[in-house]
Amino acid sequence: LGMKFHSRDEAREVIKTHCFRRGKSVSFDKIESLRVVAYCRTVVGCPWFVRIARSKNGGPWQLRCMNEVHAEHCGWDHIGKSIKSSWLAKAYLKKIREDPNMKPKTFRKVMSTSLNVEISKYAAYRARKRAINIMHGHHMEQFNRIYNYLAEVKRKNPDVRCVMRVQPSARVKKQFQRLYFCFGACRDGFLVSCRPLVGLDGCFLKGSFEDELLVAIGLDPNNSICPIAWAMVEGENKSSWTWFLNLLKFDLKISEENMRDFTFMSDKDKGLTPALQMLFPTSHFRFCVRHLYENMKKKGFGSAEVKMALWMAARATRQEIFNSRMAELKELNKDAHKWLEDKPPQQWSRAFFDESVKCDTLLNNMSESFNSCIIEARGQPIIQLFETIRNLVMVRLQSCRENAAKWSGGLCPRITQLLEKSIAATKRCSAAVCNDGVWQITDCNDSVPEQFIVDLVQKSCSCRRWSLTGIPCGHAVKAMWCSQKNPSDGVYEYYSVETYKKCYAGTIFGIDSYQYWPAVDKPALIPPLDRKKRGRPKTLRKRAAGEPPPGLGRKKVKGTSRPMKCKRCSQPGHNSRTCK
């Protein structure tokens, strides 16, 4: 008796904690301006109660009267009928701080074990969500601090470019629409050391407003992802992509003179193609072949034979081989060939790729890899989302610098592995010299030997693999060996360790917690319109037909290729119920 509390809410929380930790249910029958009365509701007739009150002159809340004795048959409440998600969120906030990515199933197990009470999965889900909101701030609350956050980021990283677009509103406050980030360390690293190839992609966010995240990713000298810029927009459309690409064009210093040197790769997202054609009319464009095949399947050309023919045409490095593969596809399926003919081969086949880029990738994996790295952050509030991305890139820059300091040799590890594959391919090659620096190489890989011309001065092979990738092919390695030259000398400077160190020479600096952010004399922003649909939020993307579900990887889905067969007439295409 006599215990004091600062407020009525504090007194209620203390009573709940006292009861729930001891396996008792509690209810508050009287919550008035001057007193709070709580009773034990574990069993009917239990005499335990607590009364807390405050004086009329506004003194502190104080424990005035209580009965500590429970009924003899008042046992442990394993159901926890009075435990709410709001109390669970506050009680287990420390657990969420230690592991913010804890799954609701694991969170439920932790709570049920410590309280010896069965917590429902829905209560665990709500409690985890409430705890995250307490820790990071609610989605709508973080828009009140967005100007302060941008000022803090610019204060610690003066070379960063943050551009925010707001919509005029009838109210005094303006409404948030878009936010763009491009750190100087990422921008300068790409311009100094990376090939002029930019992967573009967008992914949906899982927060309250269902916005989209647009990203621009490059390839570093080790053929790993190199984040350049990212932005939160209201959705994927021509307007948002044009806004994003305009900012990216300025940061990458793309002008009319050097525009032709750049290649952009995408999945043909909504509004992206017209935006690219408008802003970069002379640049080169590539389309992810995997998504190209997905579009073919939607048109009814999804057989394994068509897929094999498509990939063989895409991997062809010479136009003669490409034409041969397309002729094979025409014999296999004329409609699929006609559909594919409408797609410019410069966008999806190596036979028509620009050789100056020194990259022959057919997939937009660089952008999708970055999106998979931030999959947990995509459900966070806006400031926490951008902080997670900044921390990820910041730590990656330092990690890459530390790895580069340990590397021995002049080439990056992945490039060394590719060169070793070319060296292994020389076993089936024989060489004949034409003149100084020019060799004729006979490749006996297939049943019919093929001949190629290697020019060591121009660093080219008639198979075009050396020109496309910047890494000597097996034919080039054979010619270099016969000329008593080191194959690593034929690798372009893009792939050297020194170039890799230049890529990650910059630093992204951390920021202080929000209590120490600069004060900005601007009105708080109105959050975007809440477009969240009813029901439980969907966090998994819609998968294509025949695509394996999460967790199966490349395993085949059971029943996807099993034809329907009637048990009555043994004919395919229908079952016994519809048999005529």
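Count begins at 1; order follows the chain as displayed.
The backbone N, Cα and C atoms fix where each Cβ goes, and this holds for glycine too.
As annotated by TrEMBL, compositional bias 'Basic residues' applies to 531-543 (among others).
Annotated compositional bias 'Basic residues' per TrEMBL: 553-568 (among others), in sequence order.
Residues annotated as domain 'SWIM-type' in TrEMBL: 452-484. Taken together, the residues of the domain 'SWIM-type' (452-484) have an average pLDDT of 94.
TrEMBL lists 565-580 with the feature domain 'CCHC-type'. Per DSSP, the secondary structure of the domain 'CCHC-type' (565-580) breaks down as 3 helix, 2 strand, 11 coil.
The annotation region 'Disordered' is assigned in TrEMBL to 528-580.
With DSSP states grouped into helix (H, G, I), strand (E, B) and coil, the domain 'SWIM-type' (452-484) comes out at 14 helix, 6 strand, 13 coil.
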